[in-house]
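Below is one structure, written out as structure tokens; the observations come after it.
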Amino acid sequence: MEAPWRQGGRGRGRARPGEGFAARAGAAARPPAARAHGSACVTAAGSSGETVSGECRVLLFTQLSSQKKFDEIKKANQAAAKKLVEDQFSSSSEEDDEDAEVKQGKILAKTFTIYTSQTDGDASELERTRQYMNEAFQSGAMTCLICIASVKRNQAVWSCCGCFCIFHLVCIQKWAKDSLFLVSSVTDDDFGKKDYPWPCPKCRFEYKRSETPSRYYCYCGKVENPTLDPWLVPHSCGQICEREFKPPCGHKCLLLCHPGPCPPCPKMVTTTCHCKKARPVPRRCSAKEWSCRLLCGRTLLCGQHTCENPCHAGDCQPCPRVSKQRCICGRQTGERLCASPQWQCDQVCGKRLPCGNHTCEQVCHSGPCGDCPRSGKRSCPCGKSKFTLPCTEDVPTCGDSCDKVLECGIHKCSQRCHRGPCEICRQEVEKQCRCGKHTKRMPCHKPYLCETKCTKIRDCQKHQCRRKCCSGNCPPCDQVCGRTLGCRNHKCPSGCHRGSCNPCPETVDVKCNCGKTVIKVPCGRERTIKPPRCKRLCSRPPTCHHPTQEKHYCHFGRCPPCRQTCQKTLTCGHLCPVSCHDEALVKQRGSHQSAGPWEQLSEPAFIQTALPCPPCEVPIPVECLGQHEVSPFPCHSANPYSCKRFCGRLLACQNHTCMKECHHVTKLNGSADGKKVGPECLQCEEECTKPRPPGCPHRCVLPCHPGDCLSCLQMLKIKCHCKLSVLYIECLKLTSADLKEKELLISCKNQCPKEV
């Protein structure tokens, strides 16, 4: 049985009976028992048919809200994961390494394979298309001119068929819609009913309203929503383009689906020259029009001469020769271009007309002069009466009122039929000004303009008309827009207008450090785009002591550290074998002292300085002080040393050797032997230990010495044979004597006391 506080599954988070809904809803984070209790509430209510209690409703609401939050978080995580995957295939901002260049080269080669197979490997005609394709791979080179943002691989795009510029599909749709709205609102009385075109933002190529893009297609237009493939050109379907060449020749493009214009047709056709004189020869379809350079020889329009230009396309030029030609009337002759034989002189014809009374007043003309213009029926000046009179008489006035409409267009001339123009209208009328706000009585021929300035907003929706007495049809705003364009470098030069300004038409050169490699980008992108990667070697002078620096490509910033061998001559005469250390980064110490333990430690500062060459490490054979051995030592520490052995030189006594540790020995004058004892060696202080002659019990009285010991002259105390006398005999005599002599020396010469 469960404890009372756990019964019902409410746990510690259950609400008190007096708390409201908000307090109960606040306990959303319940243990699993609470969720079980909620399901139990639903089950109990469903089985018994009773109304669910308030607490059960709170639990059900909590479960639903928690599930809703869980679903929202799940969707957000999925969207973030999808975006992360897509960003990995975004415009080539991550493909700056050499592996990406190799991959790009393979994709381009695959795209051009079919074309180059037709041209025997010649790709000289593909440079323009290659430039567009390189921009599709390069980071920031493909820029939407409408939003001034990079065009990424995973974004829907649209390409203009005139300039082949690429825009975001959403941007070009908005552009077309805004363009149509602005044109229709200004020029169309029946707004939106006429089919006005909309222009490309870059080249102003016009498209019909029905040509507004609504779907995302690849470059060749075959595949809708092309899949993102890292081994294809971005936004390409990977199929053969098959677009018609321009100008059309009957063949289709052989490249794989690609941005930019199609290259010239590579097919081979057999054609003759322009003048048709040469034999047909096989040529590229894109260059099938050719000249044999022979004289054209076709008859010119003058009918007298032939074309002397080399074989050419189209019609022959007008004949350049000069000849004497008569004018149309035939009275004058002058030198004129053969190509324009028809010319008029400035003389009046003057021929007598058929009436016999007047002459022709036309300037030099061809054909008959015609009838006299005063013959036949003629009208009076007001045109109401007609008279048949000889050509020599003038038509009289009819006497009726003129009744011609005056210049005002309202009143008629009140004079009698008269010759010449009618007078101005002098009737006084109630005139309304052009804007319709004021009236005034004044002569009809005078215009009435009031001084009231129009306060209507012009079509730019910014400025007032401010024209005096405006009729309401305000002219377009004559002020310059002057707003800063999206590039933030230039201002809009167009007249003041509604909506967004056109993209900046300027392009900016982005150069590498040496200025030899240049890419053109839309104005405004030069601040965010990476400089082009230059394949030329860096031309900066070396900053170290070497005459030349290591070969590396052009770059911005400092050159990389020199990795050549130092090769400076050391004091010992050897060359420094380590890497160049003229510009080594050294940690700067003691530059700042902290005020206390609360102050955060700053990052260590590094300064660039030249380090001295390290000690020479070339092995040098060095003999020890006592000349016992030869060992290799680094050049910087190649000094005489002690090998820690005993000296071992034979001392002056010729019996013992020097027992000092290996030491320096001064060579005496005239001594060539390096093993002889020197003044630095020990002096022998031993006693003479040479063996004594047999029978001599004494030591050598000399210290250790070379050669034989001195003869022993000490006296030996010996008893004679009879043991009665004590004899004193020199040790040398006794030891050097033989047996007989010894017998004699030991004898005391006295009578022997022994008994027989």
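Each Cβ is built from the backbone N, Cα and C atoms, and glycine gets one as well.
Any TrEMBL annotation is an automated prediction that lacks curation.
Summarising the annotation, TrEMBL assigns region 'Disordered' to 1-37.
What TrEMBL records for 18-37 is compositional bias 'Low complexity'.
Sequence-distant neighbours of the domain 'NF-X1-type' (249-267) (same chain, 6+ residues past either end, Cβ-Cβ under 8 Å): 110-112, 114-115, 118-119, 125-126, 128-129, 131-133, 135-136, 159, 164, 166, 218-220, 222-223, 226, 232-233, 235-243, 284-288. The annotation domain 'NF-X1-type' is assigned in TrEMBL to 249-267 (among others).
Helix first, then strand, then coil: DSSP counts for the domain 'NF-X1-type' (302-321) stand at 0 helix, 2 strand, 18 coil. The domain 'NF-X1-type' annotation in TrEMBL covers 302-321 (among others).
Annotated domain 'NF-X1-type' per TrEMBL: 355-374 (among others), in sequence order. Mapped onto DSSP classes, the domain 'NF-X1-type' (355-374) shows 0 helix, 2 strand, 18 coil.
Summarising the annotation, TrEMBL assigns domain 'NF-X1-type' to 408-427 (among others). Sequence-distant contacts of the domain 'NF-X1-type' (408-427), counting only residues of its own chain at least 6 positions beyond either end whose CB sits under 8 Å from a CB of the stretch, comprise 380-382, 384, 397-402, 443-445.
Secondary structure counts, DSSP: the domain 'NF-X1-type' (435-456) has 0 helix, 6 strand, 16 coil. Residues or ranges marked as domain 'NF-X1-type' by TrEMBL: 435-456 (among others).
When pLDDT values are averaged over the domain 'NF-X1-type' (460-479), the model yields 84. Taken from TrEMBL, the feature domain 'NF-X1-type' applies to 460-479 (among others).
The feature domain 'NF-X1-type' is assigned by TrEMBL to 487-506 (among others). Outside the domain 'NF-X1-type' (487-506), and at least 6 residues removed from its termini, the chain residues within Cβ reach (under 8 Å) are 145-146, 148, 178, 181-182, 201-202, 458-463, 476-481, 522-525.
Annotation comment: TrEMBL describes 544-564 (among others) as domain 'NF-X1-type'. Below 8 angstroms of C-beta separation, residues 512-514, 516-517, 531, 533-538, 579-580, 582-584 of the same chain, each at least six residues beyond the ends of the domain 'NF-X1-type' (544-564), sit close to that stretch.
According to TrEMBL, the domain 'NF-X1-type' annotation covers 653-686 (among others).
If you look up TrEMBL, you'll see 696-714 (among others) marked as domain 'NF-X1-type'. A Cβ distance under 8 Å defines the sequence-distant neighbours of the domain 'NF-X1-type' (696-714), meaning residues of its chain 6+ beyond its ends; these are 652-656, 684-690, 730-732, 735.
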DSSP-assigned states of the domain 'NF-X1-type' (544-564) in counts, ordered helix, strand, coil: 0 helix, 1 strand, 20 coil
Contacting positions for the domain 'NF-X1-type' (302-321) when only residues 6+ beyond its ends and CB under 8 Å are counted: 273-275, 277-278, 289, 291-296, 337-341
Helix, strand and coil counts within the domain 'NF-X1-type' (460-479) (DSSP): 0 helix, 2 strand, 18 coil
Composition by DSSP (helix, strand, coil) of residues within the domain 'NF-X1-type' (408-427): 0 helix, 2 strand, 18 coil
